[in-house]
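A.B. asks: Pasting in a structure now, in structure tokens, and then I'll have a few things to ask.
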């Protein structure tokens with residue numbers, strides 16, 4: 001196992017400190033307070049949650065919204081039009097994520113986070129007020145294009161703490177995202193069409209009766225208003241020493257913050273980061289390779305989410321579980337709670353001992369037999385079935401989150417600070433493209449499986465999870481050399 005890099009923020013007497021630089025102030029806070037920055041991590045959790053809630057909240061009511069917009073001439077066409085609304089956000093985000101990352105590297109993480117929260121407040125509210133199909137498409141597209149939260153908040157989470165707490169910071173972002181994907185559908189499902197569900201509280205003539213999908217969007221927007229207020233207490237983490245010497249000053253500050261006992265190890269890391277900063281992002285193979293693996297597992301995870309939601313509620317004669325929507329919601333809720341406990345209690349310690357690459361390989365290998373077991377659950381019933389599905393779903397969520405955080409750590413460590421926003425933006429752009437394709441591909445695959453369930457060899461549901469497994473096998477193989485190399489083990493030739 002590669003020797004772990006020395007802490008970036010150890011004390012030193014040779015500090016090059018700029019009192020007007022927010023990054024230097026944050027480095028000094030990290031040096032003086034070696035513990036976990038709970039307050040800053042809480043702010044990160046809130047902001048990351050705001051980026052996930054608008055994505056998932058519309059799915060429980062999207063079918064009914066498209067029906068009420070009268071765009072589909074036949075009921076069979078509703079899914080076709082709903083797909084464009086569902087993918088509009090991801091396509092919009094894919095077009096601008098790199099740009100937002102570059103802005104975050106130039107002007108700071110905090111301005112991008114504030115602008116993105118304002119976009120959520122405005123366009124998510126307008127989406128709930130949509131009375132035309134084109135309005136729903138446009139508001140979702142603008143929401144995605146102006147939502148630059150994910151990349152900068154990942155960079156921010158790795159910079160607001162000492163290096164030994166970086167894994168915890170990034171895991172909080174991923175946990176918040178996962179919780180948003182669970183709470184979002186709950187908000188949309190319970191609060192959409194309130195006049196029909198709660199006639200004693202909401203009349204058909206009131207605002208929420210005339211706009212039946214406004215209430216869940218408004219609640220998420222109000223939560224984002226609270227997050228926007230919280231942002232005013234977010235400290236900026238980007239080093240700003242003047243345009244002509246930003247990177248050199250940043251390196252000097254980092255070198256000055258290393259102590260004598262760890263100076264040799266840190267000089268190696270500083271040399272590696274200088275090498276990364278001197279080359280373009282597209283020439284940084286550690287970054288590019290980790291993004292590719294990140295996208296492959298992201299494709300698998302998104303396809304799994306689409307397939308699980310269809311497979312679990314489909315009839316057992318078609319290879320499903322015949323679950324109700326409430327039972328599926330309970331499974332997802334238990335998975336979310338399990339993931340939260342794991343990320344906060346176990347993950348930082350496991351990552352510290354194994355490192356991000358070895359941990360990613362281990363859990364990716366474990367995911368293969370886990371997914372292969374899903375089709376056999378249709379033979380179970382009663383308590384044993386529910387216990388098996390809950391355990392499998394929770395374990396799958398934990399594995400997927402572990403892979404995501406491990407690869408995020410690699411991406412953030414592969415670049416210098418002033419490339420980190422752009423690097424995360426590049427990763428989000430690529431991931432958004434894969435996630436825009438995954439639901440459509442998974443839906444087509446599942447539809448094919450439903451029509452081939454009676455085949456004696458490899459029935460449809462077995463083929464579905466077999467293909468998911470093959471995607472995971474490809475991702476696992478790409479975590480090994482020569483494709484993906486661990487930081488510190490890469491052999492480079494430089495002139496000294």
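Using N, Cα and C of the backbone, Cβ positions are placed for all residues, glycine too.
All TrEMBL annotations are machine predictions without curation.
Okay, so TrEMBL annotates it like this:
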type	residues	note
DOMAIN	40-487	domain 'Major facilitator superfamily (MFS) profile'
TRANSMEM	41-66	transmembrane segment
TRANSMEM	78-100	transmembrane segment
TRANSMEM	112-131	transmembrane segment
TRANSMEM	137-156	transmembrane segment
TRANSMEM	168-193	transmembrane segment
TRANSMEM	213-235	transmembrane segment
TRANSMEM	281-299	transmembrane segment
TRANSMEM	328-347	transmembrane segment
TRANSMEM	359-377	transmembrane segment
TRANSMEM	383-410	transmembrane segment
TRANSMEM	422-450	transmembrane segment
TRANSMEM	462-480	transmembrane segment
A.B. asks: Output the single range from 41-66, 78-100, 422-450, 462-480 maximising the number of Cβ pairs under 8 Å to the transmembrane segment (359-377).
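C.D. replies: Per the Cβ count, the answer is 462-480.
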A.B. asks: Determine whether the transmembrane segment (281-299) and the transmembrane segment (383-410) share at least three Cβ pairs under 8 Å, counting only pairs 6 or more apart in sequence.
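C.D. replies: Yes, the transmembrane segment (281-299) contacts the transmembrane segment (383-410).
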A.B. asks: Restricting attention to the domain 'Major facilitator superfamily (MFS) profile' (40-487), give the mean pLDDT.
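C.D. replies: Mean pLDDT for the domain 'Major facilitator superfamily (MFS) profile' (40-487): 80.
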A.B. asks: With the transmembrane segment (383-410) as the reference, which stretch in 41-66, 78-100, 168-193, 213-235, 462-480 has the largest tally of C-beta pairs below 8 Å?
C.D. replies: 168-193
A.B. asks: Between the transmembrane segment (137-156) and the stretches 41-66, 112-131, 328-347, 462-480, work out which stretch tops the count of Cβ pairs under 8 Å.
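C.D. replies: Between the candidates 41-66, 112-131, 328-347, 462-480, the best contact partner of the transmembrane segment (137-156) is 112-131.
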A.B. asks: Taking contact to mean 3 or more CB pairs closer than 8 A (sequence separation of 6 or more), are the transmembrane segment (213-235) and the transmembrane segment (41-66) in contact?
C.D. replies: yes
